[in-house]
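Working notes, beginning with the structure itself.
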Amino acid sequence: MVNLLYCEFLKLKRSKMFFISILGAMVAPVMVFAGLIKAKITEPDKIITYSDMLEQTNLYVLLLFGVIVYGVIAAYLFSREYTENTLKSVLTIPISKEAFLTAKFLMLFVWMMILTAVAWVSTFLLSIVGNAAQFSVAVIMQSIKEYFLGAFLLYFTMSPFVFITLWLKNLVTPIIATATVVLGNVALANEDLGVLFPWTSSYLIASGDIEKYKYSTEIAIIIIFVVFFIGIFTSFVYFKKQDIK
């Protein structure tokens, strides 16, 4: 398994996709920073805090840009061997299909955590540049917790996109699916039903906003893991039964 992960890192090193994903992770911090600059210009007396910057960026990441970026990464990871016609060659080595998929899922998790760190660090540095106020260790630690908890929960909602990729063997359909999910996030972010929509509830749980709604955190977590296991199960079953050409 370690060797498989190492191979994934080597393939990623030769690809431009990792650099592109880093840029994608920086979109939300830059947008929030631009909003800070605009607020400073229109209202010079307005105070922008570290908490404002970090919370706003996490909202954009978990509800909007992150879903699309992570969905595209998942589709890229699981379709690469199909598009490059190397899957048959990889599996001729004594590697089981289960181990192959497991390594892919682990790589997706590591990649998402790296991009989460990039988003947080970018936001923090831009907050310093923008002269944000009310810095405190408590705010920093809370934001780190929210960023990585949100990314951790969002990871479990990526498995359906993996199945779609394995099933249709292209990048377009998963991208359309992630765009649809983002529209759902926009529609449900301030609604009780958002707790029941796993891509929205990931943010609500991480930010603590879920307490404002009538459905419990436990229900949201159960739905997230049900979605994860359905995606995992269908992905492994389909890939195992599929004839490799």
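Glycine too: its Cβ is placed from the backbone N, Cα and C atoms.
Features of the protein shown, as given by TrEMBL:
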type	residues	note
TRANSMEM	18-39	transmembrane segment
TRANSMEM	59-78	transmembrane segment
TRANSMEM	105-127	transmembrane segment
TRANSMEM	147-168	transmembrane segment
TRANSMEM	219-239	transmembrane segment
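Most Cβ pairs under 8 Å with the transmembrane segment (105-127) belong to 18-39, among the candidate stretches 18-39, 59-78, 147-168. Annotation: stretch 147-168 has the most Cβ pairs under 8 Å to the transmembrane segment (219-239), among 18-39, 59-78, 147-168. Listed by sequence, the residues of this chain that lie at least six past the ends of the transmembrane segment (147-168) yet keep a Cβ under 8 A from its Cβ atoms are 54, 58, 61-62, 66-67, 70-71, 74-75, 78-79, 104-105, 108-109, 112-113, 115-116, 119-120, 174, 177-178, 198-199, 201-203, 205-207, 221, 224-225, 227-232, 234-235, 238-239, 242.
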